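K.L.:
The following block contains the structure, expressed as structure tokens.
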């Protein structure tokens with residue numbers, strides 16, 4: 001992989017490396033906590049039908065589109081969305097549209113790294129035995145609230161607060177050490193180690209859950225897989241399923257398009273993209289779907305499976321480990337695995353902005369990492385300070401981690417299907433391909449996928465928009481969070497304007513026009 005035009009000279013060292021890195025960016029907390037929770041709240045097995053429909057109509061086709069656009073942009077010398085979008089769409093506004101693909105991973109990292117620190121903290125507290133609090137579920141709820149500072153804003157900075165900040169600083173520094181080392185020596189090398197570790201840890205916990213010798217094991221599996229068909233007629237089930245696919249595959253995050261840009265023009269992306277998506281589905285459906293809900297159901301009953309993502313992961317499961325034979329060891333193993341999974345995801349969130357700083361502003365790797373560290377530290381500090389009820393985190397997650405993802409995905413589908421063109425896209429996808437992708441996938445990307453995305457987006461606006469709009473109208477932390485996001489976005493737009501002038505002065509786009 002040596003003939004890429006990547007500006008930074010960085011590239012993947014091997015095919016398995018890029019597959020593991022892309023799969024690692026997708027495999028995270030959503031696979032083991034969000035997916036089981038969404039399934040339990042939306043009909044169990046009935047949730048799986050819209051889930052797989054969304055996977056086939058949205059997930060895999062959009063993954064192929066992002067791999068195609070990313071590799072194409074990389075061969076033109078760009079690794080970040082503003083430059084890549086400009087190569088795909090010869091319009092001065094295209095690079096500004098790419099700002100969304102920088103904003104999403106940057107802002108998500110700001111709160112995701114905090115949740116990452118929760119996982120590390122829980123693993124440490126299992127190692128020391130401080131999380132073996134008996135069978136009273138209230139004890140685990142109180143521990144979580146104190147640990148994350150949910151009782152009051154600034155609780156983590158006050159006397160008597162938890163040691164979460166220590167774990168956050170360690171997690172933050174660890175991420176930036178890896179990202180500073182680059183694509184091959186940092187991200188790829190770590191993912192080659194981390195992904196097998198995750199599989200081993202998950203299989204150990206799964207074996208423990210399935211060999212508990214209880215008649216409730218089958219009932220626990222039934223809570224996850226038995227379909228309640230009434231849910232199929234409810235729009236919220238389809239919205240939840242499609243949303244889960246986006247969170248699960250990192251579609252619309254601005255990550256895949258960046259990772260694919262470090263490939264050379266004849267590297268396979270058809271089979272690699274499908275392999276990365278399939279690996280993610282293995283972690284989510286075969287591991288996450290067989291561990292979390294069944295374990296909670298076996299020990300705590302059906303009510304425990306209906307808690308939200310955080311309630312299930314940080315309240316219900318610690319309660320489960322307290323009564324499970326060998327619970328302290330398996331509790332440590334579980335949360336250590338979640339921490340590793342979160343690291344592989346958070347690394348991918350940093351790389352798109354690093355790439356832009358390097359190619360757009362001409363910064364070296366260490367300067368790019370320092371600037372990104374400063375900006376992201378402010379965001380993470382905002383989240384951990386305004387910790388009461390996790391309102392800031394929830395606001396960041398809804399507007400950037402949900403709404404903006406769908407907007408970016410719709411933009412990418414339109415750029416690929418209607419501007420770059422499906423004929424050109426099909427040809428580019430099959431350059432060096434090890435499998436043939438059916439032609440109807442291109443038709444789906446042009447007609448079906450954008451329409452389905454738009455329908456889902458409208459559905460979210462109708463079902464969730466009014467509640468969030470009402471919350472914003474009251475001011476306070478939600479409004480302050482939105483203003484913070486807008487400030488970051490404006491900052492990125494200003495930098496893109498500077499980068500655009502720099503690229504024009506260098507004649508970068510004129511060279512591309514001649515090549516095309």
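Glycine is no exception: its Cβ is also placed from the backbone N, Cα and C atoms.
Note that TrEMBL annotation is computational and uncurated.
Features from TrEMBL:
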type     : residues : note
TRANSMEM : 12-33    : transmembrane segment
TRANSMEM : 45-65    : transmembrane segment
TRANSMEM : 100-124  : transmembrane segment
TRANSMEM : 164-183  : transmembrane segment
TRANSMEM : 190-210  : transmembrane segment
TRANSMEM : 238-261  : transmembrane segment
TRANSMEM : 282-304  : transmembrane segment
TRANSMEM : 332-357  : transmembrane segment
TRANSMEM : 369-386  : transmembrane segment
TRANSMEM : 398-422  : transmembrane segment
TRANSMEM : 443-465  : transmembrane segment
TRANSMEM : 477-499  : transmembrane segment
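Tell me about the surroundings of these features in the structure.
P.N.:
For the transmembrane segment (190-210), the list of distant contacts is 16-17, 20-21, 23-24, 27, 32, 178, 217, 220, 279, 283, 287, 290-291, 294-295, 298, 324, 326, 330, 333-334, 336-337, 340-341, 343-344, 347: same-chain residues at least six beyond its ends, Cβ to Cβ under 8 Å.
Beyond the transmembrane segment (332-357), the same-chain residues lying 6 or more positions past its ends with a Cβ under 8 Å from any Cβ of the stretch are 8, 21, 24-29, 31-33, 79-83, 101-102, 105-106, 108-109, 112-113, 115-116, 119-120, 122-123, 126-127, 171, 174-176, 178-179, 183, 186-187, 190-191, 194-195, 197-198, 201-202, 204-205, 250, 253-255, 257-259, 261, 283, 313, 317, 321, 363, 365, 367-369, 371-372, 376, 495-496, 499.
Beyond its flanks by at least six residues, the transmembrane segment (443-465) meets 57-58, 61-62, 64-65, 235-236, 238-239, 242-243, 398, 402-403, 406-407, 409-410, 413-414, 416-418, 422, 425 of its own chain at Cβ-Cβ distances under 8 Å.
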K.L.:
Using Cβ atoms only, state whether the transmembrane segment (398-422) and the transmembrane segment (164-183) have three or more pairs under 8 Å that are 6 or more apart in sequence.
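P.N.:
Contact absent: fewer than 3 Cβ pairs fall under 8 Å.
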K.L.:
Taking a Cβ cut-off under 8 Å, which residues six or more beyond the ends of the transmembrane segment (238-261) line up next to it in the same chain?
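P.N.:
For the transmembrane segment (238-261), the nonlocal Cβ contacts are 6, 18, 21-22, 25-26, 30-31, 34-35, 38, 41-42, 47, 50-51, 53-55, 58-59, 62-63, 66-71, 73-74, 78-81, 84, 100-102, 104-105, 108, 269, 277, 280-281, 284, 345, 348-349, 351-352, 355, 401-402, 405-406, 408-409, 412, 452, 456, 459-460, 463.
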K.L.:
Go through 12-33, 369-386, 477-499 and flag the stretch with the largest number of C-beta pairs under 8 Å relative to the transmembrane segment (100-124).
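P.N.:
It is 369-386 that shares the most Cβ pairs under 8 Å with the transmembrane segment (100-124).
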